[in-house]
Amino acid sequence: MLIRPVSCWNKIIHRVVAKKMTDRVFGLFRRMMKEMVIPDEKTFTRVLKAGGGSVVPLHYVAQIHAITITHGLETSPLICNPLIDFYFKNGFVNSAKRVFGKLQRKGTVSWLAMISGLSQNGYEKEAILLFCQMHMIGILPTPYLFSSVLSSCTKVEYYEVGEQLHGLALKQGFSSETYVCNALVTLYSHSGKMLFAECIFNAMSQRDRVSYNSLISGLALQGHGDRALELFKKMRLDSLKPDYITVASLLSACASLGALRNGKQLHSYAIKAGLSSDLIVEGSLLDLYVKCSDIDTAHNFFLSTETENVVLWNVMLVAYGLSDNLKESFEIFKQMQIEGIIPNQFTYPSILKTCTSLSALGLGEQIHTHVLKSGFQFNMYVSSVLIDMYAKLGKLETALKILRTLKEKDVVSWTAMIAGYAQHDMFAEALNLFEEMQDQGIQSDNIGFASAISACAGIHVLGQGRQIHAQSCVSGYSDDVSVGNALVSLYARCGQVREAHFAFNQIFAKDNKSWNSLISGFAHSGHYDEALHLFDKMNKAGIEINSFTFGSVVSAAANVANIKLGKQIHAMIKKSGYDSEAEVSNVLITLYAKCGSLDDAKKQFYEMPEKNEVSWNAMITCYSRHGCGFEALSVFEDMKQLGALPNHVTFVGVLTACSHVGLVDEGINYFKSMSEVHSLVPKPEHYACIVDLLGRAGLLSRARRFIEQMPIQPDAMIWRTLLSACIIRKNIDIGEFAASHLLKLEPKDSATYVLLSNMYAVTGKWDGRDWTRQIMKGRGVKKVPGRSWIEVNNSVHAFFAGDQKHPRADMIYENLRYLNERATEFGYVPQCNILLNDVERGQKDPTEMIHSEKLAIAFGLLNLSSSTPIHVFKNLRVCGDCHNWIKCVSKISDRVIIVRDAYRFHHFEGGVCSCKDYW
């Protein structure tokens, strides 16, 4: 043709567009412009339509757009609509918005292009708002437009808005349209309303493959994998051929069900149908084998795929992470780099989570270096996993530093940091950060609330815990199990029995953590009988009992010194296989130690396959409390030789051991080694041990100088220790000095007045004793009465001083008279009235001076077989008179008598005490 008018160019371009020959379309358009043929609206529409079907360089379209402007067509809907569509399909969202903004006459097609384009490019919220604007100005939507905006609601979880749009679709008469129904099925499936989704699906007059895919994927997503597989059979009966989405959804259903056999059948089908090489199907297949724990098949399948797909590499990292195989995880990660696979935002978290679960901090720090090099440190997901790793593994300063660099307000990162503080007993820091998070307008999730409540439980701030409880309810987490368990722990640890039980009963789906929270909380707050009763109830209910449960209940049994129950629980531990766990063995050592069974504690310790620092500390403390100071120090030396690191608890046991056996120089040297050798800063309890060490040895002036030179402010424990030593050594000057400080710190503590009164009494300063008693009475301070307990025939019998309320009181006092007579023959000289003056001794009923431990021992000798040791527990310190008396009685009766007072154990046998009269 010598002359080619624009109509001819339009026809040939139209035919080439129909054949999807995009390159030839642009070639023809360039020739047309060179030949000076002026394009019209049809030309631009068809050229732009060709560009919308594939990815085209921006400068091509920009040139075409510029030409439309020069020809005065920039506001033509015929041109602008495909131009909007082109920009969106090629990812140029702002350009599409500018074109739409200049349109003067926006028809339904224009709105459709804009709303669907925004939805497909991740601007779902803008798409929904734009639809609302369209509706307000009276533009009638099409079924496809409804479908597009409903999909947007699903993606951003605007389910309530989606339901309102469903109502609008019903009014417009589009509720039976296939496009709309498919979008509604997806909406209700994702929101968990499967009944609505299935009703819409069943009511559809025409179902296509998308309809089935929508419901199958929804069922799989909501955990109804078996129903998804049944629907697949129905799809086949309807002669609809599954595509890669169908297969991927069904594989996901099989993975959630653990249906490996069904999954392998689908794998075979995918191969036959030519779908097995699809990236989504490959990922789903690999995920199936990983979740079904068939790691070998997963690995072989992975090797058979085109390994350029980073998703498959990530799934393999997850696979080895689930099996705690850090070595293979790291090998996969290294191979990725060798193959040139570029990690994405899911690669690093996969291996970092494995490092966290296996406490591999060093390797985690190496991965962090890779994160920094690749620039993913600003990715919210990667940062949150890094914070979680460092927080859980104790590098809290590093975790906080990462958190402070975040530009976005990410609740997951904040709650990971709060949880880290709570897990490492930094409760005040956890609560401060929780408040800061709220001040910044970040709404907490269930993990944040649970961690904050746990922090309140840790430091017993009941008021603040109740406030956070109220906030969690307002935020919709009142039914969350993790929050419920934390609340149970809070109220139980704070001794609020009724509230703890109420919080426990409010948990709909109680797990063993719920029971453990209640039991451990009561054990921690001193409600030991309640904890033991709950354990019995939990056991009868068939709830799974784990090492944490056993640890809490053994601790409760230890604190009530119920060795019989303790041994029964020990037998249960052996049957359940938890006896090999260090944490359980440690509490068993403490149980036997607190119950006075030193031999059982030693057996438990020396039979442990692996010991940690808690094990060594438990045994050192056990020896120390039982007066075996040299044995405690021997265990400490063994601990150091085997490479176990001493901590603050260790040195309390070591220093106490030195104090109980009078090793003054050794104790001072051990105290100095804390800071000089082990880099441990002494705490108040360590200073108190040194004061006790010097005081017991009679070095009271030196003890006073030590206190005055301390780098920390002395607390009540330190002054009380010094005052107790002054009573034994009858040193009034230093005693009054200690008492003056103690009364300032704790003016309502009865022990201070009693100690001061006793000091005046033993030194014959009766005016001082009477003055102390008057002050005590005037301030309304009541003395804690001495009380002793003994278990006989599964019943615990309690006695006060001079107690005559026991049903067998007559027999007890008769036996006591006999024991006193025999003890006198062995040289016992009563000193029970040493705290009374001459007048008071004549007026006092002698029975009132009989201390509670004497009554308990007399009762035990009457009722326990000769082969059974007498175990007595007292809430106060054993006095010198009772100590001498029990020594004589142990020889007279030829019985082992074990007395646990408020400070230590005394083992009496053959007229000798394990403390060697140094206590």
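Placement of Cβ uses the backbone N, Cα and C atoms for every residue, glycine included.
Predicted automatically and left uncurated, TrEMBL annotations should be read as such.
Quick look at what TrEMBL annotates:
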type: DOMAIN; residues: 827-919; note: domain 'DYW'
type: REPEAT; residues: 107-141; note: repeat 'PPR'
type: REPEAT; residues: 208-242; note: repeat 'PPR'
type: REPEAT; residues: 309-343; note: repeat 'PPR'
type: REPEAT; residues: 410-444; note: repeat 'PPR'
type: REPEAT; residues: 511-545; note: repeat 'PPR'
type: REPEAT; residues: 612-646; note: repeat 'PPR'
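Secondary structure of the repeat 'PPR' (208-242), assigned with DSSP and counted as helix (H, G, I), strand (E, B) and coil, comes to 26 helix, 0 strand, 9 coil. Across the repeat 'PPR' (410-444), DSSP helix (H, G, I), strand (E, B) and coil residues number 26 helix, 0 strand, 9 coil.
Within the chain carrying the repeat 'PPR' (410-444), a Cβ under 8 angstroms from the stretch's Cβ atoms is held by residues 380, 383-384, 387-388, 390-392, 394, 396, 399-400, 402-403, 451-452, 454-456, 458-459, 461, 464, 468, 471-472, 475, all 6 or more beyond its ends.
Mean pLDDT, taken over the domain 'DYW' (827-919), works out to 86 on the 0 to 100 scale.
Counting residues of the domain 'DYW' (827-919) by DSSP class, helix then strand then coil, yields 36 helix, 16 strand, 41 coil. Taking DSSP states H, G and I as helix and E and B as strand, the repeat 'PPR' (107-141) has 26 helix, 0 strand, 9 coil.
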